[in-house]
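Encoded as structure tokens, the structure appears first; notes follow it.
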Amino acid sequence: MANPLYQKHIISINDLSRDDLNLVLATAAKLKANPQPELLKHKVIASCFFEASTRTRLSFETSMHRLGASVVGFSDSANTSLGKKGETLADTISVISTYVDAIVMRHPQEGAARLATEFSGNVPVLNAGDGANQHPTQTLLDLFTIQETQGRLDNLNIAMVGDLKYGRTVHSLTQALAKFDGNRFYFIAPDALAMPQYILDMLDEKGIAWSLHSAIEEVMAEVDILYMTRVQKERLDPSEYANVKAQFVLRASDLNGARENMKVLHPLPRIDEITTDVDKTPHAWYFQQAGNGIFARQALLALVLNSDLAL
């Protein structure tokens, strides 16, 4: 049976319906249980990272290799024609799209990934993060991890902590979890880094419960998922960063009273917001979460590049 994601651009988590999300997650579970090293054997995929990345780039490229695809691309735009000669993004994408079957792209400018789709022809573009906007594949691995650990994606209590203003992962994850029934959100952030109003308005329109809090301990006993984020130094002026970086820090002692199966997630990199003593607790699940990126991204690549995927 033909799949609905074949040759589809994946720019925002809103490009995926609830059924699409379930399809990706089911495919990820199958690939985790049964690797397919030749599934993309004759495909060439561009890995175009105009912004620094460790986990996302390596996870995507590992996913490509483990499915048998050939990988071309760059991890620093400074050494490309765009960086050195002033070539436009439109021209860069127009050329790259003639070489490959799909483009995975990260860019510091919000909206850059959507712009790329206007110049990629029939070649699908997968957004690996555009500024503070969207990071849909991080959301897919987050959903996969939540489903694995909690056994469901509905009727969950989810707390999000830290930089909720610039943290694109929490924007995408909230929008995705809002597609499922009965979820409740707790947002814990300084006023300067509060969740954007458009996200809160979206939750209100859907009748989804949410609340604002000033400390992690206010909600610890209530939540199934505690999603920590770092304060993004690169998106703040130095004085603002100094004021807020240490405001929300999770320590092992803070986990007293947490639900037995509560999991602490983090998109990484971690700086100071989770102390290392948390790593030794059964609640810490951020490294397993990062590992799940392989399977979530494999699933998305497999679906986007196969019209009839049977695993």
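Each Cβ is built from the backbone N, Cα and C atoms, and glycine gets one as well.
Swiss-Prot annotations:
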type	residues	note
BINDING	Arg55, Thr56, Arg106, His135, Gln138, Leu268, Pro269	carbamoyl phosphate binding site
BINDING	Lys85, Arg168, Arg230	L-aspartate binding site
Item checked: Between Pro269 (carbamoyl phosphate binding site) and Arg168 (L-aspartate binding site), the C-alpha gap once rounded to whole angstrom -> 14
Item checked: Integer Cα-Cα distance in angstrom, Thr56 (carbamoyl phosphate binding site) to Arg168 (L-aspartate binding site) -> 13
Margin query: Using the alpha carbons only, what distance in Å do you get between His135 (carbamoyl phosphate binding site) and Arg168 (L-aspartate binding site) once rounded?
Written below: 6
Note to self: Just to verify: the residue among Arg55, Arg106, His135, Arg168, Arg230 with the fewest other Cβ atoms within 10 Å, which of the binding-site residues is it?
What the structure shows: Arg55
Next item on the list: Mind giving me a neighbour count for Thr56 (carbamoyl phosphate binding site)? Other Cβ atoms within 10 Å of its Cβ, every protein chain shown.
Entry: 25
Checklist line | Nonlocal neighbours by CB distance (under 8 Å) for Leu268 (carbamoyl phosphate binding site), same chain, sequence gap 6 or more | finding: Arg55, Tyr286, Ala290
Notebook entry, point to check: Of all the binding-site residues given, Gln138, Pro269, which has the fewest Cβ neighbours within 10 Å once its own Cβ is left out?
Noted result: Pro269
Notebook entry, point to check: Distance between Arg106 (carbamoyl phosphate binding site) and Arg168 (L-aspartate binding site) at the Cα atoms, whole Å?
Noted result: 12
Next item on the list: Would you give the longest CA-CA distance, in whole angstrom, between residues of Arg55, Thr56, Arg106, His135, Gln138, Leu268, Pro269, the set recorded as binding carbamoyl phosphate?
Entry: 16
Next item on the list: Between the Cα atoms of Arg230 (L-aspartate binding site) and Gln138 (carbamoyl phosphate binding site), find the distance and write it as a whole number of Å.
Entry: 15
Checklist line | Neighbours of Arg55, Thr56, Arg106, His135, Gln138, Leu268, Pro269 excl. site residues, C-beta within 8 Å of centre, carbamoyl phosphate | finding: Ser53, Thr54, Ser59, Ala128, Gly129, Thr169, Pro267
Check: For Pro269 (carbamoyl phosphate binding site), what is the secondary structure by DSSP, using just helix, strand and coil?
Finding: coil
Notebook entry, point to check: Under a three-state reduction of DSSP output, how is Arg230 (L-aspartate binding site) classified: helix, strand, or coil?
Noted result: coil
Notebook entry, point to check: Where Gln138 (carbamoyl phosphate binding site) and Arg168 (L-aspartate binding site) are concerned, what is their Cα separation in Å, rounded?
Noted result: 9
